[in-house]
Every structure is written in structure tokens, then in C-alpha cells.
Amino acid sequence: MGLHNPLPSSLKSECKKAGKILTSFVDPRQTLGAQEVIPPSVLTNAKGLVIMTVLKAGFLFSGRIGSGLIVARLDDGTWSAPSAVMTGGMGVGAQIGSELTDFVIILNSKAAVQTFARLGSITLGGNLSIAAGPLGRNAEAGGGASVGGMAPMFSYSKTKGLFAGVSLEGSVLVERRDANRSLYRGDITAKRLLSGQVAQPAAADPLYRVLNSKIFNLNRGDEGDIYNDVPIYADDEPEDIWGPSSKSTKRRDSADRSSSYSRRGDSYRSNRSRAHDDDDEDDYSFSRSKSLSRKTAGGSLRSSKMDNRRSKYADTPSPRRSRSYSDEDEESVYSSDVSTESSSQFSSRSSEYSKPSRPTAPKPKFKQDSLGPNQARAMYSFAGEQPGDLSFQKGDIIDIVERSGSHDDWWTGRIGYREGIFPANYVKLS
């Protein structure tokens, strides 16, 4: 079990932490085995989740602090935008030691979600009863039921450390409006977030990658490996490296290279120490459209996301280049440097040499590689933003694998051994 930060941080960081914690509770590959995971039946029927890390420490007098998030499943089966939460408290008695605990709390009823949404807080074991949830891949949700029926909340935890005499029951979870305000750029309440009135933020992608996997959306006919699309996180890797492949790493490296050109030297180094809140605002500016992020009747969640991304690029035929160091900028800087150097050299030697005249022969025209019948040339650079995107640079030649009759669409292409989808209005056919 890796150590996670229990102190309140930006909602973007909370989403990364929540994604890591959640995979360690639901995937047998990241636990002690198939008998130590939250049952898929519980996950599929969950109406909401609370994911958080709590630190408890003390000697006679003890303190407790923790932070995380809450997210709700909407009526159409998709997930709401997350709301940041925190808990804290003091205690007295025969208590000694320290303990760091990751919690996943399954909200089994809409009433549990609505209670938090309405009040902005919820008391574990107070407003609604809470019980230890069933464990094991083949366990049923009824395994954690009380005498009066299934408990409104199931609790799962993993602990690092030793602490005697403290329970999370009775703790109050409170929404963190400061973190919500920072990410969503407004005074957004948990009620609006959990009811689906706010679009899913791009900063929560590490969390949605887990929530949109098969184990949270099982059908009766599902067979085979139901865990093969759960992202894998390595505890010895940096916090923002995700999934079984390195696509997220490539996106981060690409962004770092772009940023290094536009913010050089001391200015660049100082800007790297900016607060998380600025990052949150940037991430939310790329959030999905609410109307297209919801799954329509009979449609798939993937197709809804595709429609949303198509809409995004159909409205912007040219890429965002404001933070990138473009080819034209590089040429301009190079030309300026050469011109300055040449002027200095010739002025100092004007008594010895005269400037040569331009050649009379016409400039050669270098022909670009010709395109095949199923090939296209990239007119703009495209940095993929999600798994399955095909990233490319301006001028790259793309082999078209599948396409439609419209350029306001997403096509499938291949560059070398890489294959994925890309916006068709970024390329030009032969």
C-alpha cells in the first residue's frame, strides 16, 4: 500500500489520489487476490462513492484529519462531476499511535447521495447507517446487509500504521467549497455537482478511467476478464503516470517540452512553483460539454465521449497554439539571429569586403513526398488528450484505417506501429 496525502489539496490532486485508491480496492492484480476486492455486483449497483485518506494520530489526546471526494452515478448511468470533501476531529481516552487509512465508502441508495447533496455534509453512522461491505469477486451485495435490509453505506478500508481505539463511525464529511470553487471557477455547490448540472472536468480523468471500466458497468452477459480495462498504477512511479501504457506520460512530456520553449530560464523555473489552483483552472477549460457527456438511451458511453470530442474539434478547425513554440516562431528567431550576426560581421569588414549579390538562378522547389490513396498529411499538430488518440506533428503522413465522408468527424489512422483516432479537419488528403 502506497502512502497518500490526507491533507486537503486541489480537487485535481484529489481526483488523481482517488483513482489510485480505487484501483487498489477493485482490481485483484493490485490487492492480495480475488477474495480481497470489492465485489463487482456492489460496484455496478453503487449510487455514489466517497474516496478519501484519513490520518489519525495522538497520545491520550488524538486528532483526525482527512480529505477526498464524493461522486454520484446519474440516472443515465454516467458519473457526476466530483465534489471535494474533508473530515476532522479530536478525541480523548486510551489512544496512542498513528494511522494512515484509505477509505472507499459505497453509497448504496440515492437517499445517501441526496442527504449529502442537500446538507453539504453527512455523518457516517449518524444520518445514515454504515456497515462493513462484503469482500470477494463472487460476493453479493446482500452479504453486507443488516437485519433491516442492505445498509445505505458500505465501508472498505486499508490501513498503514497502528492506532488503538478510534473508529471512523461518527465522523462528519463536509464539502470543500474552496476546492470546488477553484476547479469549477464559481461558487458551485455539491448539490449541483452531484445532480449532474455541471460538466465532467478533464482534471478528473484519472478517476473516470476507473469508474467507466467494466466492473462498474457489468451486464449479465459479460464474460472473460472483467478487469482488463482497469488502469494499473505503480506505487514507485510519479503520481501522474497512469494506465498500462505510456500515453499519459507522452502527453505530459509533450506539454513539458512545449512549456519549456515558451517559458525559458528563471521565468520557467519560477513558474513551476505555481499553486495547484492555476492548474485546476486550465484543466477545467477543456472539460466536456454537459449535453454530450451523458449516455443517451441505447447508446454507449464511448460513443457519447466521441460525439463530445467531435463537437469540440468541429468548432475549432485549427489547433490551440498559444502556449506552443511553433515552426514559424523558430524560423523567425533563427532568421533574426542570422541577420544580426551577418550585419555585425559585414559592417566590421566593410573596408575589406563587399556584400555578394544574390544568385541569378531561381530558387529550387523541393517537392514533398507524394501521398498514397489512403494517406493524409497533417496540416496541424495534434496532441492526443485521451487513451486511443493518435498524436502527430504538422507534416506527418498518416495511413487512413477508417474514415467517414466528412472532415468534421473523427477518423482512425496509423503512424508506424501507433494506431488511434484523430480529428479529420487537422489533415489533408492527397
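Glycine residues also receive a Cβ, built from the backbone N, Cα and C atoms like all the rest.
Here is what Swiss-Prot says about this protein:
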{"type": "REGION", "residues": "237-372", "note": "region 'Disordered'"}
{"type": "COMPBIAS", "residues": "263-277", "note": "compositional bias 'Basic and acidic residues'"}
{"type": "MOD_RES", "residues": "S285", "note": "phosphoserine"}
{"type": "COMPBIAS", "residues": "304-313", "note": "compositional bias 'Basic and acidic residues'"}
{"type": "MOD_RES", "residues": "S318", "note": "phosphoserine"}
{"type": "MOD_RES", "residues": "S324", "note": "phosphoserine"}
{"type": "MOD_RES", "residues": "Y325", "note": "phosphotyrosine"}
{"type": "MOD_RES", "residues": "S326", "note": "phosphoserine"}
{"type": "COMPBIAS", "residues": "333-358", "note": "compositional bias 'Low complexity'"}
{"type": "MOD_RES", "residues": "S354", "note": "phosphoserine"}
{"type": "DOMAIN", "residues": "371-430", "note": "domain 'SH3'"}
{"type": "MOD_RES", "residues": "S406", "note": "phosphoserine"}
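For S406 (phosphoserine), the same-chain residues lying six or more positions away in sequence with a CB closer than 8 A to its CB are A424. Each residue in the domain 'SH3' (371-430) gets a DSSP state, and the totals come to 3 helix, 28 strand, 29 coil. In the predicted model, the domain 'SH3' (371-430) shows an average pLDDT of 88.
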